Amino acid sequence: MFLVGELGRSMRSDGILGVGGSDQSRATAVVVASRRRWLKRRETWLVVLGVALHAVYMLSIFDIYFKTPIVHGMDPVPPRFSEPPAKRLVLLISDGLRADKFFEPDEEGKYRAPFLRNIIKNQGRWGVSHARPPTESRPGHVAIIAGFYEDPSAVTKGWKANPVEFDSVFNQSRHTFAFGSPDIIPIFCSALPHSTWNSYPHEYEDFATDASFLDEWSFDQFEGLLNRSHADPKLKELLHQDKLVVFLHLLGCDSNGHAHRPYSSIYLNNVKVVDKIAERVYHLLEDYYRDNRTSYIFTADHGMSDKGSHGDGHPTNTDTPLVAWGAGIQYPKPASGNSHSDSVTTFVDKHAHDMPTPYDWGLRRVERVDVNQADIAPLMSTLLGLPCPVNSVGNLPLGYMKLNEAEEVEAVVANTKQILNQLLRKSYIKSSNSLFFKPFKPLVHHSFSLSQIDELISAKSYEAAMKLAVDLRNLSLEGLHYFQTYDWLMLMTVITLGYTGWMIVLALHVLQCYSSLSGDLSKKEHLSVYISGCLLMAILSVLNLVEHSPPLYHAYIGMTVFLWTQIFSEYRLIRGLWKYLRERRADYFIKLLFAAAVAVVIVELLVHSFTERKLYTWFFLIAGVVASILLHFSIPWRSGIPVFVCISCWFLSVFTLMPAEIPDNNNLVSPFLGANDTDIFGWCVICDGVFVDKASNAESRIAFVTSVHKLVSCRYEAVFYSALAVVLMAWILFENASHHSSKVKESSLSENNTEEHITIGSDERYLQLSDVRIPLVFMVLFNVAFFGTGNFASIASFEISSVYRFITIFSPFLMAALLIFKLFIPFMLVICAFSAITKLVRVPRLGCYFLVILFSDIMTIHFFFLVKNTGSWMEIGNSISHFGIVSAQVVFVLLLFALTNLYTRSIRIKPLSTSPSLKTL
């Protein structure tokens, strides 16, 4: 697309891009009507194609990044024990409990959890359980109870539920008793026939109160169950069976952390409450059973940041306490060396190994065993002699278990086979539907490895068998990742080729229709190209059908093949361009490369500006200096325009240094509105602009739109959009001055170079290489409208108080319409200026629109590769929204063009030389 102006400027009249003098001018006048009809049909087709392409390709991220890792059809693998270590297991999860607040002493030097500290020092094992982001309640409990981390396909459920059924420790148990939150307990027990459960009403979760009573409620429910068993023989018989799980969900710390922060006295007191509940549960069960066959595990699903939130990968959110004691659990060991005995090689929260235990925890002399959160599920299963959940990816932490050497190997082998079975199932599903299946090579001979392990166990070579089993387990986990990403390379290649093909189609269209490139616009080669494209598409469709590919795979591949067929049908044009480029001198390529480099730098800065708003500050500081220098040398008379442009850019640069969230401040708005602040006044201002066409120049239109936006502003955004409007006026002045300067140069050109300035019609000229600046500046200003005072995609933008100047009585539809109108105003401002400039410099607006879409799709490809399926829900959601925002610009910008055209079509442009107001600036 950077060839646009240079092609017309440099080709001779006898070349394929040339112009033939007066005869050509007369011919142009004859065919202009036909040309416009052809352009309208072609561009309508391009827009429809662009909308369909972006809609289809936007869905591709769900087939690439957000496919569920869960498969079904695996057989459970119980450990080969003569007798399980425990008959029953108690799981206590304190929701939102931070590790440091649990282990550290209070201000008086007393520890908040004296019972569990006594367990750590005298009776059980301890460590830190590392949670993987998103550190939220549902994913944390699923990791602990089912052994796998957040299912990325949960994004399709709004992160509210797991979209695919999964196995858990509760499923494998003989019976599960569970009490706690209505947001957690039903996830695991609502469809479980062998469960007894209850949850309190949602109304109990009142952030205005001390939520520790919720923990007491869970304990009271369980205590009442045991008390009822004395009068209920069937319940008592059930309670004395083996393979039982008791789960108490303690929500108090999470609720109090959100409401009062984790350093508050209420939260810290709640730590004492959960310690006391753990003590009461322990004594209650030991008195009830008196058989020492109960295992106890105390942990948390996630931590809590100092701000009272959670979700990301900060240590305050990922580090949670883990304490285990009772049947099958080792007794404490003195610390040796680094005081750690980590059971895994890599932590899911990416934190370093062997981090020293804080001195104030007072536990440096007791060996600490850290685990990944999903490792707790195989630990619980093995203690009860149950198969690990079939979807688990946890590694059994032997550092917690009291087993002999043979039992340890058998437990690890069962854990390994369970993970291997998932791999084999995924391999089978993929191989049965693939013509060109590529297996996971390291495990092609997995049967031989299993046979070796059995032989070593039979020979009582337990150490060698353990090493082989652990290696096989690690390879199986790698294999699961391999099959989870099996189609990534193919899909990403297809989508990237599709976007690239679309951009080439746009570039060729601009070159054909809006540059001085002539030739027969209706001629395309050829039937053979389309036949080849159809054959290729048919072959690929048959392959997809044979492989039982999802329907969208057909759409991705079909769209990409179609685009490249269109490109190859233009091979005459491409061949002509190649021939033209081969004849150019070195200085031409220097200009071309410089323009391309500037465009790429600006587009990449826009990509990074989605996460770093301060980049706009640097952009406007630099733009102010550069634009004022260029104007200083291009304006022949003494003018204040360069100073005005520089100051306006610098003024706008201040706002992107400000935080997005600033409290309402109507004092920033009222100076612009005067004393009238009532809803009668707001409607009058809008009606005045809509029904009275009192000014037809661009500056007046922009000023009116800005004044309307001030009416619906309630903080510093009012000043920001005034600054934006001033910069838009400065942009118009800059282009006006540049246009005048270019006209002066044109007048001095010889007759031999008049082909540089040929026109498309009576009111538009061909695009030149220097015109690329217009869509680039438009994109910068358009994105500033998105992120200047926050984030257009954020719910924070929807502040209902901003419509009170128009309506004070609650009316949801009218208020929603006003809010949407408010959000659209800054974009309309930018497009109004853009429309004025295209009229001013006589460039085709649709040609510039297609360049905007082309540059936007460079950003789209970048964001396509930046989509995340791990991390906090906010990080994942932001990556999706960024990709969606730039993908939707093909429609969004076009709709705004159509809307603003109603407002700007009557704008009259005055040449700079006849505008005394500009000379006096």
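Glycine is treated like the rest: Cβ placed from N, Cα and C.
What TrEMBL records for 240-349 is domain 'Sulfatase N-terminal'. The domain 'GPI ethanolamine phosphate transferase 1 C-terminal' annotation in TrEMBL covers 478-669, 705-872. Sequence annotations record features per position, and here TrEMBL assigns transmembrane segment to 45-66, 488-515, 527-546, 552-568, 588-609, 615-633, 640-660, 718-734, 774-793, 813-834, 846-867, 879-903.
Under 8 Å from some Cβ of the transmembrane segment (879-903) lie the Cβ atoms of residues 47, 50-51, 54, 57-58, 61, 155, 610, 701, 782, 786, 792-793, 824, 827-828, 831-832, 835, 845, 849, 852-853, 856-857, 859-860, 863-864, 866-868, all in the same chain and six or more residues away from its ends. Against the transmembrane segment (588-609), stretch 615-633 shows more Cβ pairs under 8 Å than any other of 488-515, 615-633, 640-660, 718-734. In the domain 'Sulfatase N-terminal' (240-349), helix, strand and coil residues by DSSP number 38 helix, 24 strand, 48 coil. Here the transmembrane segment (552-568) touches the transmembrane segment (45-66). Their Cβ atoms form 3 or more pairs under 8 Å, with each pair 6 or more residues apart. 640-660 is the stretch from 488-515, 527-546, 640-660, 718-734, 846-867 with the greatest number of Cβ pairs below 8 Å to the transmembrane segment (615-633). Each of 45-66, 527-546, 640-660 was scored by its Cβ pairs under 8 Å to the transmembrane segment (488-515), and the highest score goes to 45-66. Two recorded stretches are said to be in contact when at least 3 C-beta pairs lie under 8 angstroms, sequence spacing 6 or more; the transmembrane segment (45-66) and the transmembrane segment (846-867) meet this definition. Over the domain 'GPI ethanolamine phosphate transferase 1 C-terminal' (478-669) the predicted model carries a mean pLDDT of 85. With a threshold of 8 Å between CB atoms, the same-chain residues lying at least 6 positions outside the transmembrane segment (846-867) that come near it are 1, 43, 46, 50, 54, 61, 64-65, 492, 495-496, 499-500, 502-503, 506-507, 509-510, 513-514, 599-600, 603-604, 606-607, 610, 767, 771-772, 774-776, 778-779, 834, 838, 879-880, 882-883, 886-887, 889-890, 893-894, 897.
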